[in-house]
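J.: Pasting the feature list from Swiss-Prot:
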type     : residues                                               : note
BINDING  : Gly37, Ala38, Ser39, Gly40, Ser41, Gly42, Lys43, Ser44 : ATP binding site
COMPBIAS : 264-275                                                : compositional bias 'Basic and acidic residues'
DOMAIN   : 4-252                                                  : domain 'ABC transporter'
REGION   : 264-307                                                : region 'Disordered'
Amino acid sequence: MDAIRIERLSKTFPNGRKGLEDIDLAIAPGEMVALIGASGSGKSTLLRQIASFSSSDARPSRIDIFGRSIQRDGRIARDVRRMRRDIGFVFQQFNLVNRLSVETNVLIGALARVPMWRRLAGRFSRADRALAAQALGEVGIAEHARERAANLSGGQQQRAALARALVQRARIILADEPIASLDPAASRRVMEMLRALNANHRLTVLVSLHQIDVALRFCPRVVALRAGRIVYDGPSAALTRERLHALYGDDAHLPFAVGDEVRPAAREAAGEPARRAPTAFDSAGSPDLPDSQPASPRRMLAASSMR
C-alpha cells in the first residue's frame, strides 16, 4: 500500500491558469522525496492538494492516503479532518502561534486526537506533555519549551513544527519549502532533522525545495515539476545536467558550481560511500538567525484548526 497515491490529478485556478495537469505519483511508506521546480511550477499546489486544502478539477482523479481516498473526482472526502491526522504540514512561513509557548505550540499537534471537551478547555494530559517534551528533545530545542514561540529563530521554529508533527503522530510530513527563509546553518539543521525523522520514525517525507543541491544531498528520490506537469521522477543520481537545464535554464549549473558530486543520498541508497563536493552548507558555522518575516498568529491558528 502506498503512503500517497495520485492519479490523473489536475488543478485549474479561478483565473483559468493551470496549476497542475495530469499528475500521477506514488510514494511508498518511509520514502523521503524532494519536489523541485521553478517558481510557479506547481510544487506548493501539489502539496496542498495532497492535504486537500482545496479541491481539484471536477474530472476523474483521486488522491489516496494509505489506501483511503482523501479526494476523488474533485470532491474532498467527508472525513478529511480525520484523515489529516496522518499528515503533518510544515509551511514556508513558520506555522507557530507567537504568543503561545513553544510547548503549547507543539501540544497543538495532539488536539485532533483528544476528546472534544479537552480541545475546548485546552487541557492536555500528563502523557501529552511527556510526549511533547520527548519530541522537543528529539529536535534539539527542549530548553526552549517554556519560551514564547516568537523568541525562537527561524530554524528553531521549523524544528518546533516538526516536533508538533511527532506529537500529532503524523505518518506523512509535507514540507513546503521549509528552508526558503533560513540561513545555511539553520537550513542544514532542518534538513538533517527531516532526514532523521524519516529514518528513525519511518515517516514518509515529501519536501519541496528551491535549492537543487540540497535536494540531491538529502533525498534519494526527486520529482521535478514544470508548468504543472511532472517532467522527472527518479533517483537523484540520475538527475543530469541536461534535465536540470530543461527545468532551470541557464541557472541549472548553479548547484554544481563547486563540483559535480552532490548526491550522497543517492549513493547511500545504493550502498556506496557518500562522497560529495563541499556545498554552501559546509562553510556555514553561524547560529540560527531570526527570520525577517515573523509568523502570522491568525494564519497559524487557522492552520492548526484544519488538523
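Here the Cβ of each residue, glycine as well, is placed from N, Cα and C on the backbone.
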J.: Just checking, which of Gly37, Gly40, Gly42 (binding-site residues) has the fewest C-beta atoms within 10 Å of its C-beta?
T.: Gly40
J.: Within 8 Å of the Cβ centroid of the ATP site residues Gly37, Ala38, Ser39, Gly40, Ser41, Gly42, Lys43, Ser44, which other residues of the same chain have their Cβ?
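T.: Leaving out the recorded residues gives Thr45, Leu225.
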J.: If you average per-residue pLDDT over the domain 'ABC transporter' (4-252), what number do you get?
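T.: Across the domain 'ABC transporter' (4-252), the average pLDDT comes out at 92.
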J.: Return the residue, from the listed binding-site residues Ser41, Ser44, with the maximum count of other C-beta atoms within 10 angstroms of its C-beta.
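T.: Per the Cβ count within 10 Å, the most buried is Ser41.
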J.: Specify the secondary structure state of Lys43 (ATP binding site) as given by DSSP, simplified to three classes.
T.: helix
J.: Other than its own, how many Cβ atoms are within 10 Å of the Cβ belonging to Lys43 (ATP binding site)?
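T.: I count 24 other Cβ atoms within 10 Å of it.
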J.: DSSP on Gly37 (ATP binding site), three-state: which is it?
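T.: For Gly37 (ATP binding site) - judged by DSSP and reduced to three states - the answer is coil.
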J.: Only counting partners 6 or more residues apart, tell me which same-chain residues put their Cβ under 8 Å from the Cβ of Ala38 (ATP binding site).
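T.: Once residues fewer than 6 apart are set aside, Ala38 (ATP binding site) is near Arg226, Leu247, Tyr248.
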J.: If I restrict to non-local contacts, at least six residues apart, and a C-beta distance under 8 angstroms, what lies near Ser39 (ATP binding site) in its own chain?
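T.: Ser39 (ATP binding site) has long-range Cβ partners His210.
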